[in-house]
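Asks: Per TrEMBL, the features are:
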- 41-62: transmembrane segment (TRANSMEM)
- 74-104: transmembrane segment (TRANSMEM)
- 116-136: transmembrane segment (TRANSMEM)
- 162-181: transmembrane segment (TRANSMEM)
- 193-212: transmembrane segment (TRANSMEM)
- 250-283: transmembrane segment (TRANSMEM)
- 304-325: transmembrane segment (TRANSMEM)
- 357-374: transmembrane segment (TRANSMEM)
- 381-403: transmembrane segment (TRANSMEM)
- 418-439: transmembrane segment (TRANSMEM)
- 451-470: transmembrane segment (TRANSMEM)
- 489-522: region 'Disordered' (REGION)
- 489-514: compositional bias 'Basic and acidic residues' (COMPBIAS)
């Protein structure tokens, strides 16, 4: 009994500390803090979605390096992504809010640039999150169709774009319904996600080598050193306000998820490289390379059993992405930056979740999915968009911490003197990869095979800037960054906004008066 009382008192103390920390940032507690440290980690780990993610990127690694790209490409990328995560974790520990990225940008940037940079980061994060939902759920629909192909007679089923899109829409809509549930339900699901993810990874690492026929097993020199080039390029070439003890749980969830994913992912790629055989052309030409590797090793029934779990984990990955994206969008609309913010910034009284923003991000992801009818290059641009726009949103606050005029105070998670070197390497890595993701798949390309990421990203970011600078009604006239929801802080901000609006009106009147005087002189 005393243990129960002590545990309850400790939870109450942590909840009080979380609420007080959020209040110092200007926000009142609106979400229920139902996510434990493990469940917060579960969201981050589920979004990574190890095995499904590897299945999705084999389309790129096999024709651009083969086994070497799979094994060593993953290892190198994991190190740099960990550095990005560690830099982000420091910011999350200092200011754990749902609007994290643009909130950090505004608080750390110099006064002259903070409003514009916060606007850019907020829109980049929103666009990248919506693209992330579209890419993950499109991958899920492709994997479902791959299961249908494997299960068909002689693997003759060939899904059309329309059928795949129909499955995609069903997946997204089911995620919308799921993420409208109460916070406690969503929190408890994260533990299930973590267990299934880890078990699936371990099953592939152990079972695939055991089931693969000897003629398909590769030597170490092939698995770890073969470089295959099919494409022609030269060789070598957001739930912080729902987390308990957020200042500690959120940063460690970020770092822990990336670290474990890096290790397990590398082991999976090694297992695949040793068990995929040497006929890489056939694997590359298949509708789903990982499914084909499994089919050669497990047979039809075994592959369907394993692949069913892959699809489930990919589905979980999508639901976690909708969860994070809807919370970030809720935070951005809380500050009035999105169109229809008054409608978006509403908490459902029954579920205690931001139902409107859940449907907002899901509907927009479905609209992005329509690009599938424009061809593979168009839908692939959505996948790249989810990386390049989020790298903009990650890179700016990390750089602002060191380049802006601020008094940053580290939270419980801090890298100390290694913060600046880590941030520099992270930013350079994101800059490099943002350029790489804009390249077409082959150097000899035409209109149909171009990489349209730069068009899609450039277009949507340009529209957001037009909205910011639009005469008289644009964001530059009223957007002042994060708006406090604590009453006394809000009054101060509203006074500042009112003063700014009054000044703008005075400037306009003075200009009109000056024009009138000039006309009289003429």
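In case you wondered, yes, glycine gets a Cβ from its N, Cα and C as well.
A TrEMBL annotation is a machine prediction, not a hand-curated record.
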Asks: If you count Cβ pairs under 8 Å, which stretch among 74-104, 116-136, 193-212, 357-374 touches the transmembrane segment (381-403) the most?
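Replies: Answer, by Cβ pair count: 116-136.
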Asks: Top stretch among 116-136, 162-181, 193-212, 250-283, 418-439 for CB pairs under 8 A with the transmembrane segment (357-374)?
Replies: 162-181
Asks: With pairs closer than 6 in sequence left out, are the transmembrane segment (418-439) and the transmembrane segment (193-212) joined by 3 or more CB pairs under 8 Å?
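Replies: In this chain the transmembrane segment (193-212) does not contact the transmembrane segment (418-439) - fewer than 3 Cβ pairs sit under 8 Å.
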Asks: Which one of these stretches, 116-136, 250-283, 418-439, has the most C-beta pairs shorter than 8 Å to the transmembrane segment (304-325)?
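Replies: Result: 116-136.
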Asks: So if I exclude everything within five residues of the ends of the transmembrane segment (116-136), which remaining residues of that chain have a CB under 8 angstroms from its CBs? That is, six or more out.
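Replies: Sequence-distant neighbours of the transmembrane segment (116-136): 47, 49, 56, 99, 101-103, 105-106, 109, 172, 175, 238, 314, 317-318, 321-322, 324-325, 328-329, 332, 335, 337-338, 361-362, 364-366, 368-369, 382-383, 385-390, 392-393, 396-397, 400, 457, 460-461, 464-465, 468, 475-476, 479, 481-482.
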